[in-house]
Structure formats: structure tokens, C-alpha cells
Amino acid sequence: MRHWLLALTVLLLALAPAQARPGRKQGAKPSLAFKTEAEHIALVKAGKLPGYFYKADLGKAPVLSAPSVLLMEYDTGEVLYESGADIKRYPASTTKILTGLLFAENTKPDDIVTCTDPTVVNIEPSSLSIKPGERFRAEQLLYGFLLRSANDGGVVIAEHVAGSVPAFAEKMNTRAAELGATNSHFVNPHGLHNPNHYTTARDLALIARAALQNPRFADAVGTPKRTISRSINFKDLVVASKAKKSFYDVVPGADGVKTGFTNAARHCFVGSATRNGRRLLAVILAAPSNAVGDTVPLIEWGFARFSAKTVAVSGQRTAWVPTRLGAEGRVAATVAETLHITQDRLRPSTIETRVTPTTNTAPIAQGQAVASLTVLRDGKPVTQVPLTATRAVKRSVVQATGRSPWLWVGLLGGGGGLLLLLRQRQLAQERARRARRRRRRAIAPPLTDEPPLPRNTTQPQ
């Protein structure tokens, strides 16, 4: 009897209609309700909701959770938005942007990099589980290091480039200073926490911009998932960015660059996206829970609020530049990369360009810098880029010799010598004439009173 009752109960439960809680769809995650904009902003700041921007009012700043953010126009380095950009923050694994740049600058893709440090197996994740003696092609290690965010790979890179981690950290600080990142200090290649290891959103943007200008680095972070080749661990070959699904797969044109997290640094992200030839670079530091959740609306706001004006196209003549001593008196100059200048859709401005030639004495090689192009917005300089010759210019023999001071020295000297010779010849001729006259006078017959004999007269017999 008890078995029949149990079976009946199970049957009734199975046939009963499923009931959902009021106001919530089945299978849906509970949502955070808010009644006012202030409540919405508070939830974003607490990291409980992703950031957002006002599509209907682009004049308002984006609402983000991170205390330190910066949005940069990649082409010019112009800052479009910033908040807390100069506050020192722990960068976590966004440190690897600088490490990757140095590695790309100091190796060739086919260089062989060997792990010689037995302590590398003790480095905490994320890692590639590198073993002592394992070898990588530099290109493959760069992929694995950046996409896996491999801390052990950072140590292998540091020891390959500089011989030790401390020596590599010195190189990091030197390179950062060269890029203008003067409020940063690095002590390791991976970003694991150290109180003396810090940067700012502004500095990190400068570093990331320089890194993306390196073709090998840009290639490594441009694709979020790769299969690498290894010499030992053949089972761990697929590497993928932690931001693949949340950033690369969501943001149109996403092409980099790096995630980061430690308990001290909180959530960090540097993101890049390119649309219609225009690239924006966003830096998020110390977000409470979701750095990518701040990056997406910040980049979308940047593309919506600002447009781009093309002021120079690579390969096309930007200006004519005069030459000295050239077979041609001028040469066409162009920019290395197409240059876009930001225009604020809400505040129209006047864009002007100014070309400043250098001293261009022929011969001039194709690609040689011959001038600089300064772009001004409402009369104020925005950026300056070099202009290079689109073709070679040979030296003009006529102009080169005609303008040579030694030629004039030679001409004057030679002319003076010729005049001197002519004068000496003239004087010699005058002396000769005087001598002939004297000789003629010396042999002439004396004068008498007898009349001269007539010609052809016969003398008497």
C-alpha cells in the first residue's frame, strides 16, 4: 500500500504544471532591480552591474566602476577621456604588455629560447607549465606568454633577454621612461604582486600604444586564440585570452590587448578596437569585479562621441618638399601610416596642417625623412609625424659643382692666372717691338746732302 501511495505521489508531481516565481523567467538569473539612476550608478560603482553610457546624451561621461581609466586615440596619442589616470595602481598581468614589447624588440621570430631556470616550475599560475630544458621559437613563446598570461613564460623571457629577472626589470624601467611612462616602476616581468611594482592608467596607455606599433606584438594579441608548438609538453598547445568571450567576441573590431588580476590590483584590462581604420585604446585599472565590463562601454562611447578626419594617406603625396643640389628641385613626401585626427561631434573644430622641411641635400633615398607634419586643432598642435620621400632624388652634377665654394676659388684663381699670363705676353710683345725698332735704327744708312739716284738709270761708261 505504501508503495502505491509513493508511486501516485510521484505521478502527480510529474503531471503538475511548473510554476515560476512572479516577475522572473524560468532559468533566468536573478537581476538587480533599481528604481533611480542614482541606484543604477551605485550598483555599477560597486561592480555589481557593468558600466554604461548615455546613447541619447553623449555629452555625459560614461558610468564606470574602475577608479582609474583612460581612453586614447591610437593614431595621435590624444586622450579622449580620463579619470584617475595619474594615480599609481598595481598593474597585475597587464605588466606583460611591456614584457612582450621588449621580447619582440630583442628577438627574431625564429630565435630559439630555452628554459634554463629549474625554479620556473614553482611560479604560480597562470602558466604554460614550462619545464627546464624546454625550447620554444620566440614567436610561439610570445603567443603563449600573452594569450595564456603565462607567468613562467615571463621568467623565461626575462632570462633570455637580460640574463636575470632583476636585469630585465631594469630594461623595463628604462624602456618605460623612453616612452614617457615616468610614474611607473617594474620589478618583475609578469605582474605578480610586489608593493614596488606599479604604474598609472596614463603610463600603461603609452606603453600599450608603443607595443601595438610593434608588428609582432600586435599580431600576437590580435587573435585571441592560437595553437602553439612546443618541444616537450605536447598536450598543452591551445592558448586563449581570458577576454576572448567577453571582449573579442563582443566588440566589433576588437584586436587586443591584455587582462590582469591580483587581489591587490583587482581587475585590470587594456583593450583595443579598430573600425574603419581608426583605433581606440582603453585602460581600466582597479575595477572591483569586471574590467572588461567598463572597457566595452568606454570604447563604444568613444566611437559614438568622436569621429575621425583623415588628414594624410600613406603612399599619397602629402606635400612637396624642396631639395638642395638635386636633379629635381623638389620631392613628394608622404606619411608612413594613414593619419586620422579626432573630431568631437559635439564641439566642431578647425583642423589645419603645417609642413616643416628639413635640410634636404641630395642624394635623397626613398623613405628618407625630409619634413615633419604638424596637425593643429583650432590653432593648437595635436600631433607631429615625419614625412618621408616617395622616391629617390639623385645629386645634380651641375648644381653641385656650380654651388661649390671650391669651384669659385678655382675659377678665380685660374682666371687670375690667365690674366697674368696674358699681361706677361702683352709685355713681352711690347718689349719685342721696341727691340726691333732699335735694331732697325741701328742698321739704317746715315743721312747725306746728295740727292738720291733715280731708279733704273744707266750709269755712264
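Glycine residues also receive a Cβ, built from the backbone N, Cα and C atoms like all the rest.
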So which range, 297-314, 405-422, gets flagged transmembrane segment in TrEMBL?
405-422
Mean pLDDT across the domain 'Peptidase S11 D-Ala-D-Ala carboxypeptidase A C-terminal' (306-395), rounded to an integer, is what?
92
Tell me the Cα distance separating Lys258 (substrate binding site) from Lys96 (active site, proton acceptor), rounded to the nearest angstrom.
8
Listed in sequence order, residues with CB under 8 A of Ser93 (active site, acyl-ester intermediate) and six or more positions away:
Ser126, Ser149, Asn151, His190, Gly191, Lys258, Thr259, Gly260, Phe261, Cys268
Three-state secondary structure, Lys258 (substrate binding site) (per DSSP):
strand
